[in-house]
Amino acid sequence: LPSPIPCSFVQPVTPDLLVSPSSQDGDLGSECPEDRGNWTGRLDFLLSCIGYCVGLGNVWRFPYRAYTNGGGAFLVPYFIMLAICGIPIFFMELSLGQFSSLGPLAVWKISPLFKGVGMGTILIVSLVAIYYNMIIAYVLFYLFASLTSDLPWQHCGNWWNTELCLDHHVIKAGNNTLPVNISNTVSPSEEYWSRYVLHIQGSSGIGDPGRIRWNLCLCLLLSWSIVYLCILKGVKSSGKVVYFTATFPYLILVMLLIRGVTLEGAWKGIRFYLTPQFDHLLSSKVWIEAALQIFYSLGVGFGGLLTFASYNTFHQNIYRDTFIVTLGNAITSILAGFAIFSVLGYMSQELGVPVNQVAKAGPGLAFVVYPQAMTMLPLSPFWSFLFFFMLLTLGLDSQFAFMETIVTAVTDEFPYYLRPKKASFSAVICIALFLMGLILTTEGGMYWLVLLDDYSAGFGLMVVVITTCLVVTRVYGMKRFCRDIHMMLGFKPGPYFRACWMVLSPATMMALLVYNIVKYQPSEYGNYRFPTWAEVLGILMGVLSCLMIPMGMVVAVLQEEGTLWERVQQASRPAMDWGPSLEENRTGMYVASLAGSQSPKPLMVHMRKYGGITSYENTAIEVDREMEEEDEEASM
């Protein structure tokens, strides 16, 4: 090997190769771990992140949260919390994944003492994947039900309807000018959802699930089959599917928005949605709600962002991607609010009731209120099909991320055994989660879904994110983490990111955690209150993901030698092979730390390969020089 070029002889140059190898159109294989797989196109990663973040919550949670927390005034705390909590944690997760090219379990080579955080993440994601795919199954059910000339939830008089059913078409046809009392009545869409789709009358509660609803079971099987076929070849296949699933919802959303705002009474709903009530900003609840919306909407802590970034090339510009995805996600939420509330305004005018009586959040909006609104439009089956197709595409790419996270995490732990059989392993995971989700297809399945939704990703997820933030900044070290990003992107994060990582983000999330514990309310579904044993089971689901952290610590400490304190110190240091996955990207302290490493200077690999010094090699030289100066200062 040629001798390394001394730093003193290297002048900063402007070479032909100022762009990173990752941004060239040629063969990218040498820049990526071939045996692990990587994105095959430039937009795969960006669209996957957009698809993952922009999900069902943007449509059915944000608009409702906005109108109940001050309307347009809610956007003030929303964007402040996005800046304090959302963007910094998002960038941290992407940086960890891209720098190490490892999944959410193996990435804890950064500090093996805290590997339990990764185990907790996988447990949370597995529980969420079970019930999230059930929601997609409901969407498929409604999608197929829309393929008809008359929507089945349009009229009363079906076998599942009761005497309380009130058909708005009948009221309108009768030209009834007197206000109708609808407080003791039920809409056809609500009875279709609860009595036909769920058949919830066949269950007395969560302890009595009743029989399996085979039509729902088949929809769940179809849902898992679609997910499996799309993740069959890992990011190579899912990265292509998201070109459709991440972009098509925007087309449908715009169509629904245009249709919505042209309806009579639409502005009544939009005014209700956006009228600012600034007195709400004095309430702590509004700020907490804004932080919660950001937290869950961006999907931080679930491991999906870290997993996607781990398939990037080493110099991918994730700084730019962070702002594109986070701001795009926020704008989509606001846009969805217009599409939803314009239709709700029209619906309230048709029924002659205030908007707040028809506005709902969650499944109530997607499967009761909006389908009812669709029946009031001309060509109602067409608009219903479009709406549910949008929900399907929104849900699927989030589910791809959950599954890719689980599969990647485990295959990175056992690369020699599982990577060659990744397709078979993915099939095993999908079948196992499908079988676990069968209880959700029973007559009492909705009770179990609510329990999973309330507890699987509650305080456990917050503990995981807070711990990750503290370990990276305190245990691994802020200076070292910023140096890693400098090596990867060519610049260090500014004071804004450092302040958020060190103080603002963890403090905000701790406040969220305390608020959630103090304001704890037992789960309920409609008028049904969950029994104590179900509450305890739910709390245990949340606690178990937290317990993974101390359990992981015990295992890590037992694997070291020496006194207890020495073991803790050794386990908290990065593993020997921590760092960039490719030898040519390793500089400074990461040189020759890979197993079987031959090269004393990975810089030489770049020079032989590209015939000159690129902008990233200049960065590597700067980092090396900076570290040498720090070592000299420390020795003095």
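From the backbone N, Cα and C atoms, a Cβ is placed for every residue, glycine too.
These come from TrEMBL:
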type: TRANSMEM; residues: 45-63; note: transmembrane segment
type: BINDING; residues: GLY51, VAL54, ASN58, SER297, ASN329, LEU394, ASP397, SER398; note: Na(+) binding site
type: TRANSMEM; residues: 75-96; note: transmembrane segment
type: TRANSMEM; residues: 117-144; note: transmembrane segment
type: DISULFID; residues: CYS156-CYS165; note: disulfide bond
type: TRANSMEM; residues: 241-258; note: transmembrane segment
type: TRANSMEM; residues: 290-311; note: transmembrane segment
type: TRANSMEM; residues: 323-347; note: transmembrane segment
type: TRANSMEM; residues: 382-402; note: transmembrane segment
type: TRANSMEM; residues: 423-449; note: transmembrane segment
type: TRANSMEM; residues: 455-476; note: transmembrane segment
type: TRANSMEM; residues: 496-518; note: transmembrane segment
type: TRANSMEM; residues: 538-558; note: transmembrane segment
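This view paints the features noted in TrEMBL onto the structure.
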residue	record	Cβ neighbours (10 Å)
GLY51	Na(+) binding site	28
VAL54	Na(+) binding site	28
ASN58	Na(+) binding site	24
CYS156	disulfide bond	20
CYS165	disulfide bond	19
SER297	Na(+) binding site	24
ASN329	Na(+) binding site	25
LEU394	Na(+) binding site	27
ASP397	Na(+) binding site	26
SER398	Na(+) binding site	24
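Tallying C-beta pairs under 8 angstroms between the transmembrane segment (290-311) and each of 45-63, 117-144, 241-258, 455-476, 538-558 places 45-63 first. Ranked by Cβ pairs under 8 Å to the transmembrane segment (117-144), the stretches 75-96, 241-258, 323-347, 382-402 are led by 382-402.
SER297 (Na(+) binding site) sits 36 Å from CYS165 (disulfide bond), taking the Cα positions as reference. Sequence-distant neighbours of the transmembrane segment (538-558) (same chain, 6+ residues past either end, Cβ-Cβ under 8 Å): 112-121, 123-124, 127, 451-452, 454-456, 458-461, 463-464, 467, 523, 530, 564, 567-568, 571. Taking pairs at least six residues apart, the transmembrane segment (45-63) and the transmembrane segment (323-347) share three or more Cβ pairs below 8 Å and count as touching. Across 75-96, 241-258, 323-347, 455-476, 496-518, the stretch most heavily in contact with the transmembrane segment (382-402), judged by Cβ pairs under 8 Å, is 241-258. Cα separation, SER398 (Na(+) binding site) to CYS156 (disulfide bond), rounded: 36 Å.
Compute the center of the Cβ atoms of GLY51, VAL54, ASN58, SER297, ASN329, LEU394, ASP397, SER398, which mark the site for Na(+); besides them, the chain residues with Cβ within 8 Å of that center are ILE50, TYR52, CYS53, GLY55, LEU56, GLY57, ALA246, GLY299, THR332. Reported as a whole number, the C-alpha separation between VAL54 (Na(+) binding site) and CYS156 (disulfide bond) equals 35 Å. With respect to their backbone Cα atoms, LEU394 (Na(+) binding site) and CYS156 (disulfide bond) stand 31 Å from each other.
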